Every structure is written in C-alpha cells, then in structure tokens.
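*Asks:* This is the feature table in TrEMBL:
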| type | residues | note |
| --- | --- | --- |
| REGION | 1-47 | region 'Disordered' |
| COMPBIAS | 12-28 | compositional bias 'Basic and acidic residues' |
| DOMAIN | 78-150 | domain 'S1 motif' |
| DOMAIN | 267-333 | domain 'S1 motif' |
| DOMAIN | 446-532 | domain 'S1 motif' |
| DOMAIN | 552-617 | domain 'S1 motif' |
| DOMAIN | 1324-1393 | domain 'S1 motif' |
| DOMAIN | 1411-1486 | domain 'S1 motif' |
| REGION | 1486-1572 | region 'Disordered' |
Amino acid sequence: MDPAPAEVSFPRGKEKRPPPLIHAEGHAGRKRTRRQVATTATPTDTDGDFLSLRTDDAAEADRAVLRQWNNTSQIEVGTTFLGYVTRVTAHETHVALPLGLQGVIPSPNGSDTAVDRARWQPGSAVRVAVTAVRTERHGDASARVNTTTRHAPQSTLVLSAAPALVNRGATLSTTLSSYGLLQVRIRQPEGEHGGRYSVEVFGDAAANDARVLLQDAPPDLPPGTVLWAVPLCFDERRRTARLTAERDAVLEAVTHLDGPLSSLSAGMRVEAQVARLTTSGAELQFLNVFSGHAPWYHLPEGKRRNVLVVGRRLAARLLAVDPVRRRLLLTLRPELVTRLEVPLSLSDMERVPRGQFLHDTTVIRAERRVGVYFQATTFRQLLLFAPPSRLRDGTVKRVDRAFPVGTRAPRARVLRHRPIDGMVVVSLQPSVLGRKYLDYRELQPGERVTCTLLSLSTVAAASAADDDASMPIRGAVVRIEDSLRGFVPTAHLSEVPLSARRLRAKLPTGTVLRCRVLTVDVHRRRAVLTARRSLVDTALPPLHDRSAVRPGDRTVGWVSGRVRATGDWVVSFCSGIRGRLPTSAPTETAGVDIGRSVRVTVTAVDAAGRRLQLRLRTDNDAAPIAACPFARGERLCVQRAERDASQRLRVWVRRPEDVTDEALAVEAEVLLPPEHLTDFAMLQPAWDNGDGLRALVGEEVVLLADGRDGQEPMVSHRRGLRMAAQRGLWSADIPKDTVEPGTGISPNSLAIGYVESFAANAAGVQVQLVTSGERVFCPRALAADRFVHDPAQWLQLGQAVWCVRNSSADTHRISLRWSEVAAAMVAAGQSWTALYRDVRSLAGFFREQQRLCSRRGREWPHPPPGTVVQGTVMEAGAPSSEPRVIWLQVEHDGRLLRACLMSAHDEHDRLGRLEAGTVVDAVVLAVDPLADQLYVSDRAKLVQLAPWYWWAEPAAPICTVAEGALTGTVELVLPDYAVVRIDRCLVLLSRQEVNAGDAERPLAIGQTVSVLPDDRRRPTEAAAATEAWWTRAWTVRAPAASTTDGRPSTCLSFRIGDRVRDALVTAIHPFQVNVRVQAAGVHVGRIHITHVDASEQWEQLSVGQVVPWARVVDVRERHRLELSLRAIDLETPGSSGDHPGETAGRDTPTVGAQYARGVVKSVEWDGGDRARATAAWVMLTPKVTARITAFDAQPQRLEQWAPGTEVHEVLVYRVDATTRHYDAALCASLRPGQRIDHATVVAVRVRDGEVWVQLPGDRLGTLPFACVTAADATTEAYPLRCLHPGQSLSVFVIDGTDPAHPERPLLSLDPQRVPPAVEQLRPGEAVDALVRHVDAHGAFFHIAPGVIGRCLLRDLSSGFVRDPSTAFPVGMRVRATVLSVDAAARRVQLTLRDAAPARTAAYLTAALSVGKVTSGTVSGVTEYGVFVELPGLNIRVCGLCHRSELRDALPPPSAADIAEAYRVGQRVQVRVLAVNAKGQVALSLKASQVQKEEAEMADVESEPESTGAESEVEELASAPPQKPHLRWSGTEPADGISSSSSDSPSTADKAACGRGDRRPASAHAAFPRPSFALTETEFREQQLVAALEQPQTPEDFERALLGRPNDASLWVSYMAMRAAAGEVNKALALAERALETVHFREDAQRLRLWLAYLNLARHATPGMHPLDNELFRRAVQNCDGQTLHLRYARALEAAGDGRAAEQVYLQACRRYGKHSERVWIECGAFYMLRQRHAGGARRLLERALLSLPRGPLHLHCILKFATFEFKSPAGDVERGRTILENLIASFPARLDLWNVYLDMELARMRRQPSEPQLATVRRLFQRCTALRNLSLKKAKHFFKRFLQAEQTHGDAASVERVKQAARDYIESAAEGGPP
C-alpha cells in the first residue's frame, strides 16, 4: 500500500510569496508506476553509514526542494547560510556553503589583504547573508576561470557578514538571552586586560553596539575580526549586555526564540523533533512552529543513526534560512552540531586535492536527477558524489539504472569539495580523466606546456575615440592543456618587441603556443607563462626551486631590471628567483639589455637562497671549481678569517700538525657559512662580529665539502659535527643494501648529516650527509614523532642531525624521528651513546663561552650564581610578553650591570606593581659575561634561602632520591639551558637537542619537571623515546660557608631546647620573621607566627631589631633554626630539649589534640563573591595547618576572619595521616551525637523536605524529613505535618551540614535515623522519599539534604494514575526503589511501581464514618456525576456522587444539567454512603440524605471577614468552567463565558479597607439555582412555560429578530437551533448575517456574537488552531482584542482544552501586557488557581514586571500574585508572605495592603486552624494597630476585625486582651501621645 502524499509544514510569519510547489516535475496526482520508483538497495559498506529506506512521494518532494536550493537563481537576497572559509585573496574571501554552493565576500578596500586575512581565517565557520547573485560569462577575459565546464555561465553568491544582516532578530532587550549564537565583529579592545572588546552586534544601531561588551576572547585581536559569541547577561536598568566568546558556551548555546521566521539565522542550534523519515532525509520540527529538511548525508552516521526515530527530540543546527521562500535547511551531524566543525576540513581537502585520481570506487547510492554517490577503497571515510553531467561525456537518462548500487568504477577524478556536506565531487567523464591538469597545484614552474590562445588583453582606453586595434596589449589569455587558464605578458610573447597591430596579426584567437610556466599562484589560481623560444626550447634546466640552487648551476633567464646604485643587471628566473649580474666587459660585449634572454652561471648563493650571484656563461664555465687539498670530514685549524665582497665569511685552514711548520704547511681558502658558526644560540651574535672573527683563529673546524663535486669548499665550526668527526662516525653512512628484512633497520643504519635547507611550503627537510655528500630528503611527517606544520620550529639550518634509512617494499625513506633514532642506537654501539651525551652536555657551551671571553680579553667580574644582589628597577617589558621582563641595574665591584628579571604567567600582577626606582632583592641564577648581563629572580623562596649551592655531582646525596627521576621547579629558561631548583640546590638543565628531541615540550618558569641525570639513564633502555626530561649538569662548586676563624660552619652546634640570644631580625613576612644568629658562626633561622603568645608581640617585631632571648624548638634541614618567643618555652628550661617527642607529636596531631592558639592562614569563599565563607585554614604549628568549616567555627562567623586573625581553643577531630589533612573545630562548637534540648521549630518547609530549627545560642539547624520519627500512620504518610512553628523539640546533632547552608548542622529526632548519603545509594535499594512537586516531566522527591530524586510518570504506579498531582500531594512520604544514581550531580532516578502510598481503606473507613454529613468542594464535573473533594483529612480524598444521587426527583439530571448546576470549586454538603476495599468513596447530594436547607448551607459557607481584594481572587479561582456548546436558555450569556472582570486597583483598595459594596459571601450567590432542586411537578411546569416563551421554529426566530435585531442572545439561540438540527453551515452563515445586522456601536452584543461564532466554528472544525485562523483575526480586528482574548480563553478552559487556553492567554500577554495588568492577572489565575502550575505563574510574574510600567500597575499585579500563593494548593504560603512583607515595607501607609494580608492569613486560619497560625494572625493585627499616624476610624476597623477573629478562634482571655488594647489606644490618642 503506497503511503499518503507528504504534507508540507510551512513556517509561520508574514508570507511574501506563495511557497514553491513540491511536485515540480508533474508527478502530483498521478498513480505511481514501477518506473517512477527509484532503485534502492542495501549499502555495500558494512558500517551502515547511509539510509536504505523505501522511496516514496515524500522523498521525491524533498529532493525537489533540494534541487531548488542548488539553483542559484532561486536563492533570494537575505538568505543566511552557515559557511566555511576556504580561501582568502586580496580582493575577496571565498566561502563554501551547504549543498555545494559557493560564495565570495568582497574585501572592504579591495587590496587590504592584511586586514582581510586578520578578519577571515581559512578553515573557520562563519555566518553569511546573500546580498547579490553575480553571473560571470567566460567571454570576458577578466572573468573567473571555470575549469570544469566551457559554455555555461557561472553564478556566484555575493555574501556579507555584516552583523545587521546575519544577526537578524537580535535586539538589545531581555530576549537577547534566548537568541543563542551571535556573530560579532571586533571594534577595539577594552581595558588593560586582554580578551575584552567592544564589538559590533546589531549593525544598524551604533548606540546599542556601544552598550555591548565581549569577554573571554583571545587577546590582541585586530579590529574587524569576526567571532562567535553568546549572550552572557543583560542589565535591564543600564541597558547593557555582556557577551562571551568562551568555546564551550558557544558550542552549547541553544536558541529559544519565539518570533517569526525572519528572526532566525543560520548557525543557530535548536532542539528539533523528528517528524518524518524518507530516503532523502528527515523532516524536523523545532520551536513548536517551524519545520525544515535535513538531507540524508546530514544525518548521523553508523550506530548513531539508531537515534532517528519519529517523535524523538535531537539537537540540530540550522544550515540555511530563506525567509522569502520560507525554506529551512538543518543538519544533525555531530561535527556541526556539537563542535561547529565541518566534516571535511582543509587538511582533509589537502589529502584529496583537486585533480587527484581515486581508484576502485563503488556505487553506494543512486538518485534520479540528483546523481550517484560513491565510496573509494583508499578513502572509505569520504563520501564521493558525481552529478549526472559528470558521469559520462554524453547524456545519462536514468542514473539509477545506469549505475546500480554495487557498480565499481575503476577511476574517478576530484573536481571540487563540499566541506559543509562532507563530500567530494568527482567526475567519471573520459574527457576529464584524460586531461593533463585540472588544478593549479598540478602545474609546476619550469614545466613545458601546450596552450591555446583565447584572447589578447588590452589596456583600458583613455577616451572613446581611441581605436581598439591600436590599444596597447597587456598580454594574452591562454588555455593550458585545454584545462586551466594562464596569462602570457606582452614581453614574453616574442623574442623582440612587436607593436599591437603586429601581435594581433601574428596571434589570432585559437593559435597554439608552446610555453613554459614561470610562476604559479595556487591560492589566487593564476599562472604566468612565457612563449619565448630561448626560454622554452633551451636544453639547460630552469631554476624553479630556491633550495636546490647551487653554485655552478647553468641556466637561462631574462633581464628584468637594473640596480641604480651599482649598475648591476637583475636577471629573473622561474618561481620569482632573481640574481644579480655584475656589469663587466663581457656583459657590455654581449649586449645585455632589459628584456634580453641571457645564459648565466650561478657563482654564489646567500644563506636564505633569495639572492644569487651570476656571471655570463663562457667557455670557461665547463672547468670545475678548484678542489680542496683536504678530505671531507678532516679536522682542520683556522689560520685567519675575513669577509669577502659579498660579506661571506671565508677562512684559511691548515691541518693541526702543519700549524707550526710553515714550510710544509698546506693551506686552503674555504667558506664558513654563518649557520655553521656555533651550536649555541646564545653565542651566535658573539661569533658573528669582528671580535668573533678574530676569536676564530686557532679554532678547530671540520671540512664539509671539498669542491670535487662542483660545490664550493665549505667547513663547519659546529661542535656536534666536530665531535662526530673526532670519534670517527663520519664514515658510518647508511648502506642501502644491508637492510635486514622484516625490521627495516640494519646494525649500521645511523648516519650523521646536517640540515641544508627546508622545502617549500614546509613539506620537509633537505639533509646533507657529511661523508658521501649525498643529499637526502626527509618528509615533514618523518621529521619528528609529533606532527608539526613547519619543521623550522625545532630544526635550524646547519644543525647536526642523525638519520635513519628505513626500507619498505621498493622505496627507501629517511627518518629523523627520535623514537627511530633511539631504537637504532641499541644496535649502533656505545660510541653513538657517548656522542649523544657529549652533544647534549653543557660542558661545550661553557668552554666555548670561556674561550670567547679569554680571546676577547673579558674577565669575570660578575657576582657568582646563587648569591643575593640588590638592584633598582629601570624599565619593564611589554605586559603581554611571555615571560614578562623587568630590567634592573645592579652595582658590583664598582661596575653597573644589567640584570634581567623574568616571571611566569601567573606572576604578571606581581611584577606589574614594580615601578621605576624600586629596589629589589634578587638571586643571581645565570651570568652572560659576553653581554655583561645577569639573569636574576626575586621569588621569595629563593631570596630567603640564599645563598644557593650548585649540584656538583649528579650522584651526590644532596637529594634523598637514590634511583630514578628527581622533581624540580624551573626558575629560569634561556635558549641553551634552564635553571632548575631541586630541594636545596640548583641544577643546570641542558636544552641542546638531537634532531627534534624534546623541543616539542617547551619549558616555562614555574613549571614542575622531572629531571634525570645522564649518568643514571642509558639510551639503550626501552623508554628512551618517552622520557620526559634529561639533564647534564655543568657543575660549579660554590665555596663553603666559613666562620670568622676560617672553620666551616654547621648548624649542629645548636640542639632542640637550647636558648639563643641576640637574634637579629633580617626580614618580616606575613607569617614568619627571618633572623640571623651570630653564635659559633653565622646561623639563620625563623620565628613562626604560632611561636609567639599574642598578635601584639608579633606586630612589635621590626627589621633590625635584636631579640634578646629565644628558644630553639626545631632544627630544619640541618642548617635552619626554628625559634620560639612563647613564655612557656622561655620560662621552662630545657623543656623542648628534654622532651623531643613532644614537638614531634604536635607536628603530627592525633584525634582529640587541643591547641590553645592558632592563626588564620586563608579563608575559602563560596563562588569567589566574598559573600559567604565556607571554610578557613588555621595554622596551629609551623607544620600543622587544619581546616575549620563554617559549622565548626560557630558561634563565630568565618566572614569576620582574615589572614592573621587569632583563634583560641582549637580541637582536632579528624586526622588523615596519609595526606596530612586535619579537620578541627572550636571547642565551643557542636559535636555529632550531642543532644540539644529546648530547640524550637522556626519554619516547616514542606516543599524543601526539611524543618528549620533554632538551637540555643541563636544557631539554626536543619531537620530533614528522613530524621523525623512517626507517631502514627498519618505521621508516617505526612511526616512534616506533626511539626509546626514554635514547637519545642529535643534533637540530636548528626554528622554533616546542610548543602544549601553549610553553617547549619544536620539534626535528627532519633540519633539512629540518619539521611542516606548519595554515595551510599545503590540501584535496587529501597529509600524513603518526600514528594517535592509533580509536573509534566514526572514527580520529584527529596531523599536527603541536597539529594533530589526523579520518578517518571510511567514509574509512579503499577496501574493508571489519572492525576499525578492529586495522587501524590506535596509533603507525602513514599517508599521508592532506586534505579540509578548520579553522585556528581546528586541526582537519583526512582520508581514507585513496587511502592504504594499510605492510603489504606482502613484509614478511610475510620476517618469517614458511613452516614456522616460533611462539606466538600467540587473537583470535577462529568456526564455521569460529580467528584467532591473532602477536606480535613490527612490524605487527599475525592469521592464520587453519581448522577442518580444528585436529586430526589426523577428523571436523573442530564449531562448538560449537571454542567449548568455544578462548577469546579463549588462548595456543597454531601453524605458518605460507602467506602469500598479499594479506598473509593460513594457520596450523595440528595436533599433527603443531606437533610439541610440551602440557606443553612450558605450560612455555613459564608466568610464575613472576606474583602474585595480576596473575593476578586476567589472569583478568578472559582470561575465557572462553562461548556462551550450553545444553550437554549437565556439566563446566562449564550457564549458560555462569564462576563465578570476584575475591578480596578482603586475599587479593590476600597473594598480591602471595608468600604464600598461587599460581594456575596457565598460562592453560590453569583450562580443560578439548580433547576432540579424543584419537585417533579414544578419542574415540568417550568419547562412548559419556558418552551412557550422561547422561539421554536426558524419562522419564530425571524419574527423575533424583526423586533430585536441587536439582541445577541436571540441570534445565538437561533444559531444553536440550527446547529442542533445538524445544519452547521447554515449556523455559520447565520453568524455572518448577525455580525452584519447588529449595529456597530453595540460593542457588548457584537463581542458575544464573535465568541459564539468562534465556539461554533471550533466545534464544526475539529483540530482548528485557536489563534492561527482567519476567523480569530477578524474577531480581533472588529472588537476589543483584550476582552476577546480573555473571554475566549475562559471558554476554551471551560471546554477542557487547557492547552489551547494557555496559548490564548500567552498571546494576550504578548499583545496587551505592556499597558494592562489584567491579562497578566487572568493568566496567573489560570496557572496557579485552576491548573495548579506554580512554576508557570511565577515565571509569568517575572515577565509581567518586565513588561508593565513601574507604578500602580506593578503594585496591583504583585499583590494579586501574592494572593494566588495563599489560595492555590500548589502555592507556597511562605513565598506569598515574603511578597506581601516586601510590599508593606515599601508602602507602609497603604492600609489596603494590610487588609489583603489579613484576609489571606484569616482565610488560611479558617482552612487549617492551629496555634502557630493563630499566633501569626495575632502578630499581624498587633503590627496593624501599632502603625503610626493611624486615625481612630481606621484603628477601629482593625480592632473590630481583631476582636472578631479572637471571638471565633480564641478564648475569653484573648478577647479581653483585645478589648483592653483598644481602650488603651483610645486613651493614648485622647491624651495626644503616641498610641
């Protein structure tokens, strides 16, 4: 059976044009045949990455929509796309769009590429909007080249990323937070801290943009940079907004807009619901009204596709939004949705570039009129796509038949990429496969090609009179190999210059030219060629690679210019290579001139390869360069060094043994390149100057090239190469034929080489092997273990590297990976290991530095490292530099030295406070004698413990680590070495690397590293490649400290307990004082803050003060003294020395240890806002710091503590010896298990599942519901009902604190009842839970403090639960079973299927005696009876009064009669008939059963204290839910909606004060008497009379309408008669006639007609949307819209359609909520009183306060919502009290507010009488009567009400107290004093 045609779901919004037809091919309405069904088969891939659903009409319709997207002519201006920047040029930025579309963003200036590249980064996602569609034809020479087609014009979308276009719908208002993802543009930085900018968001409102601030962005962004951002907060008062660019916030931002389609933009993330699945994709619905399409390749892949189920909600992202044609395109791919990354990145596109051939592809999907999808064997993760035009050179009629699934294509060629869609477009056309070039990447400079002339490009004409034939020609546009476009300049069209006419005559269109490629610009897609025969046909190789140019190379170039200063000629070659040809006699003889082709020979190449020295080619060029008399790898000695005319360094060398024998000495002149001067970056400037050249004399060098291969002789001074030659390892080159099979590595596979050059585009490294002279190439992937884009980041030109030649199949490869080199060292022998250690040692650095100093005459007049110096701040470096640098001026031995003070990133603020002129104490870490510069550090720990000792020997037992790595902290980082602090010594860490080595892991100051000496680490171990850090210490032995007599000092002269005198204070720190003791040598020590008796004594200490006496209490590290000034230590001789264990014991305290004094070290704050402190760290001894929580600190408050505060009497109650963590408390605080009597209940918070208890001493505690003992079955079901405010309790302190209030302890009525911890809960365990609230998502329960449990609706019961909120009221205890536990989030999933609430029939039978007459409230009206809720019970009970028990008279009332007589909320008298075993209650409303008169019922229900303010809320809460059907009776409005409305604020205030008319006290007074309350005879008589008075036939109604044409009730009755007869169409026509007949000034009558019309249309058209229909729009336009919305919503609510009523209420709030509080109050009453949805009402109040203007409307709205909290069963009384208290505090003179407050409390007193409630009422009356400036009349009003309340609920004594208070008030007022 064929499925039904797909329905099109259009987004809402104003429609500018009709939507496109779905069946565009003409298949709509036809019967589908077999030929019209596309062939589909199971995918061949086993991963299941593609859909295999059956094709239907819906899928064909979706494909038609996608084809419309692919047509650029149907892309409207204003459409937004999510794009991907692929290329940035000087004039435009190229952006890839979804579905294969392409677009460009023009540059602002057309040539400012720097700004444009800063604004757009290739590989970034961007939101763009279409501004125009540009069509380019290939006849234009300046048009873009289309390399895939020849004749069809190419359309390009012109895009813009202006914020005004891409951030549609974003406004500076409260709705900004729901917008989601924004795209902003940087304007300028804000503030001194990086990452904060002013941005452009709205575009069209500069004033609004000035109010927006972006934070969390990368620092130093240039203006114009485009970023993603998310709204963080909005300040309504200041109208300012903050945005964040934090990546996690950007990726997780979800849009919750409630607006038209034009407010959506591409890139937004939404929560969508799967509405339909087809073979072409999925239809998604989101934001309740919008519908879009997701193509099948934008759905999740593999196993993730299992989530695609109709109805499931998923996260999606918008790809395209067309507001004109009303089209939406979405994606579900995880890369785009969760990471905002495209499936096909730039790196993936480089792996499969344009023009690459793909072999062995398989068809996995074929779609007619769409194309074929392939999968390649080599790239299975890529999706290949070929449109029908790219399958064959001819026409393919049926793609699905020509290429069925499973067909294999031998070859395909890449045409372009679709990164957003994650696919590659390929071609199978033989014409495309046979092309030589398809992309400019395949075109290489210097290559010969065949071109076809397309046109000659001319210069623009100066005037219209100029002849086109005589216009100058710029060049020729040619087609290269029938594929690419190229340009030949005029100078390269011929050997001799020709005029324009001659060129046109010689080169007509279509001429075939043989050319050579000069330059290729891949990014701009341009190629420049030459057609000169001398350059094309030459046999000499062209120069096209800078790195491959060598002296002696011979080639052909052309003269392009001349140097003015010297007159030298500039010769150009391919790839932009240029050389200088000096002017000489041969050049003048040869007639060299600009434009001529010349044959030259390269004589010299500079280091960078950018400038060449040339000379004309002569016959002598064939002679080789003179060879050097020495052999390659021979060690030589430098005799002299100087620079030649080209500033190249040339040296004269000899053998070392020939230095002394001048007669036999052989000397040669060789080249010493600058990159071969030294291995150390710090010494490079010293060698490369005049002094360095003189210092080279006598240095040893090694010969790299001997000149025998045509290369100029060259030597190297690098230490690594010299040491390799010294050890004889130059001969260990790589043998190509000795590779062991299977391993790829031979025993002699290592070789030494040096980096000769870096390949273009960072493709690899060119390495020169030192012995064989062979040049080998190492690709970038094999240059290091970790992939890095540029090898020059860690390698240097001339650096010595070790190579490994590996072999696989028939290819050899060279690798520089350290992991392979280290593995090869295993088989290479100890010589390589020794060389490795020597290369990485720092000994060579310092020896070389020392030689430079000695040869330059430099001494070492610098302070030794490790000592303290004093310097003055001179200047500070850039604040953003890493690390930040401060320059100091240090004086030493009469000389001024510069000192560099560097810091880590986290110390920027500290150094930023150092101003110029500040004196700083610092420790010298390193010395650079060549630059007269020191490197120092002012870190406190280094300065305090100075002088420092250097690690002399790696095996010295200074550190206690015997084996393995040592842990240290980096203190200084220099290019060649770093200084690391390990325990009490400093170590030099070498940064010299072999190959890449550890350069991939940079060092930073303050970093903690693991240091392993080379002596303990052998490269032959297995972990050689994974070791983190290596070190080689260059050791400098520091002189030992000595005393005045020369003897070495030691700290062992003092023992614990010795007294020390005359200790000099040298420095003062926050918690310790440094002292120096001059006894038996110089000793240093400290006095800790805990070793003084009081803070006053500590504050008196100052620098330079001499402490007379102190006691040694500890000796730290064998050379540091711990001193004490406490009186107990000084007065007790030898106390500490006699009992050394006492100090040790106090340094490791036990549970119960007490300390008389402690000092606060730091305070922890909650969230960093400094509003509430959670804990404090207190120092008890120098080695013991304990943590005291807010609870443990009571009665003191942690907020009053600060660092340095004294704390007395501290007790340690928890010790963790492993982590040395101690928990302590003040001795006066509470202890777990302690019993506390006379505790008072302060508040019972049923919704929070806890009770607040006031403890003695004004402390508060929390009593969880789980700790409340049950006295009976009722208390067990509702545990918190037995407690009330003011009740006295005896509680026990249990372990733990309230998570919401950490300062409050947890209490229990029984020490054995403890709330469960979330970590202890296990699935399947049964727990007690308390109902918190019930909503549409399920029920939520309290399990323990801070632990919330959730139970889904399906798990609430084993049976059906009709109303979960009724079955599980708030505060009820249940027994639940744990399903799952999330300990981190403190959430638990529960089920109640096996747990039943405590509702037993026995309890109901005892509480409800059969035959008892009681009052109740109607809770539901059905056609078979009335449900009545019985109050006064501990559980909620609803009984059923069947329709047969509603009256004594017969027949029983019909459903219509029941609906008219009873309403929800009506109070009635009922008799209990029976209670069955299931707990169901049967009731009766018959007069004979109740035996009470209706008047008595009214008296019982009357509430004399009620005022107007309360009755208005009662009216909203008890509004009659009338049926929307049309009735015959004219007693009430026939539209079924009550016409009553809320009073104005002034009327309500008068009524609240007791003035004005009272409303009926009984709820029955506003409604008609039930008709069936009469006897049967009276009932029948009234029916006959009513029938005679009402029209019965259409003729009767027509006659009646002649006399009463404006009577709406008559028209409605007429319409009802037609509808009852089944003539609905006539009834609708009658409604139109009535609206035309009734006078337009009769507003009330017309409103009733419109309401009746809407009700009739809704019943006639089931499923009609209540708002989105033409009839409702007409009604709003023709009557009062606000009243219509409210009355229509009440009608829908009465009909039982709460969802539709909610939509109408919310629409009314949006339209009229800015000027009317009535809509908000009506909607709030709907939520709170009738739907019992407290959360919705509270959120509505927040919206109301934001919309309404401040003033009386605010006050009235807040007052109404406060009363809702009292009246609604779902409300929170405490919340209502808080709101009213705030109102009274703001308006204390408003007596109407006091009256409303009294009304609410008195009503609650009547419903739930209790002593606490009576006490609350009394306190409120006392406050009212104590008001200032209260007149006697108003005081009388309050005293009268007070007296009535006491007479009703109090006793005789309380009544007399009120009377006496009134007398005292009158007497005081008479005397003129205050009352």
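Note: Cβ is positioned from N, Cα and C throughout, glycine not excepted.
No curator has checked TrEMBL annotations; they are predicted automatically.
Can you tell me where each of these features sits in this structure?
*Replies:* In terms of DSSP secondary structure, the domain 'S1 motif' (267-333) contains 9 helix, 37 strand, 21 coil.
Counting residues of the domain 'S1 motif' (552-617) by DSSP class, helix then strand then coil, yields 9 helix, 31 strand, 26 coil.
Assigned with DSSP, the residues of the domain 'S1 motif' (1411-1486) fall into helix, strand and coil as follows: 10 helix, 35 strand, 31 coil.
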*Asks:* Could you pull the average pLDDT for the domain 'S1 motif' (446-532)?
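*Replies:* Overall, the domain 'S1 motif' (446-532) comes to a mean pLDDT of 84.
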*Asks:* With DSSP as the yardstick, break the domain 'S1 motif' (446-532) down into helix, strand and coil residue counts.
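*Replies:* When I sort the residues of the domain 'S1 motif' (446-532) into the three classes, I find 13 helix, 40 strand, 34 coil.
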*Asks:* With helix taken as DSSP H, G or I, strand as E or B and everything else coil, how many residues of the domain 'S1 motif' (1324-1393) land in each class?
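*Replies:* Counting residues by DSSP class gives 7 helix, 37 strand, 26 coil.
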